[in-house]
Amino acid sequence: MKLSSLWSNAFVINVAIALYAETAFLSAPKLKIDCRPYLDSNDKCTREYHPVCSTSGKTYCNKCTFCKALRLDTMSSSLLWIKITFILALVVPFYYGTTFAFSKEARRQPDCDKYRTFPNQCTREWNPVCGTNGFTYSNECVFCNAKIAAKEKIDYRHFGPC
């Protein structure tokens, strides 16, 4: 045989191996295991050794232990989502209750009539109100007192700083 034909045969074989190596050597047939017989939570698995290899690379001693582990893994991920949902259900209302307080209150204007009877007796709380004069008042009471003193020339723009 000529040397050139040996090299060409070797080249063809190497190309074939390179093209089909993944399917020929790496991928094993993926079997779908029916876990329905093992779904009852009271059943215990036997200790017989008929190994089942999972896609995660872990080997289980038989179908029953594989299905139990799969069910527990599915349950733990579902429990994780339940925990996340529960935490979000607790945290989100507190966060948005404080964050959107101004947008909820922006729909109603301060009732300045209740401050006419006791003028200039305001608390020092910080719940800012923006007036149409561009000034930020520390709270509704201070705003209403300024509005009454200015003979209603100042009007309410929105809750929050200007």
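Backbone N, Cα and C define each Cβ position, glycine as well.
Other Cβ atoms within 10 Å of the Cβ of C67 (disulfide bond) number 21 in total over all chains. Secondary structure at C67 (disulfide bond), taken from DSSP and collapsed to helix, strand or coil, is helix. Residues or ranges marked as disulfide bond in Swiss-Prot (evidence: sequence analysis): C35-C67 (among others).
Taking all protein chains in view, 20 other C-beta atoms sit within 10 angstroms of the C-beta of C64 (disulfide bond). If you look up Swiss-Prot, you'll see C45-C64 (among others) marked as disulfide bond.
Cβ-based neighbour count (10 Å, all protein chains) for C144 (disulfide bond) stands at 23. Annotated disulfide bond per Swiss-Prot: C112-C144 (among others), in sequence order, evidence recorded as sequence analysis.
Residues annotated as disulfide bond in Swiss-Prot: C122-C141 (among others). The 10 Å shell around the Cβ of C141 (disulfide bond) contains 23 further Cβ atoms across the protein chains shown.
Annotation source Swiss-Prot lists disulfide bond at C130-C162 (among others), citing sequence analysis. Sequence-distant neighbours of C130 (disulfide bond) (same chain, 6+ residues apart, CB-CB distance under 8 A): T136, Y137, Y156, R157, H158, F159, G160, P161, C162.
What Swiss-Prot lists as domain 'Kazal-like 1' is 29-86, and the listing cites sequence analysis.
For 106-162, the entry in Swiss-Prot reads domain 'Kazal-like 2', with the evidence type sequence analysis. Using DSSP to sort the residues of the domain 'Kazal-like 2' (106-162) gives these counts of helix, strand and coil: 14 helix, 9 strand, 34 coil.
Taken from Swiss-Prot, the feature transmembrane segment applies to 6-26 (among others).
According to Swiss-Prot, the transmembrane segment annotation covers 80-100 (among others), on the basis of sequence analysis.
Just so you know, of the disulfide-bonded residues C112, C122, C162, the Cβ with the fewest other Cβ atoms around it within 10 Å is the one at C162.
Of all the Cβ atoms in the protein chains shown, 14 others lie within 10 Å of the Cβ of C35 (disulfide bond).
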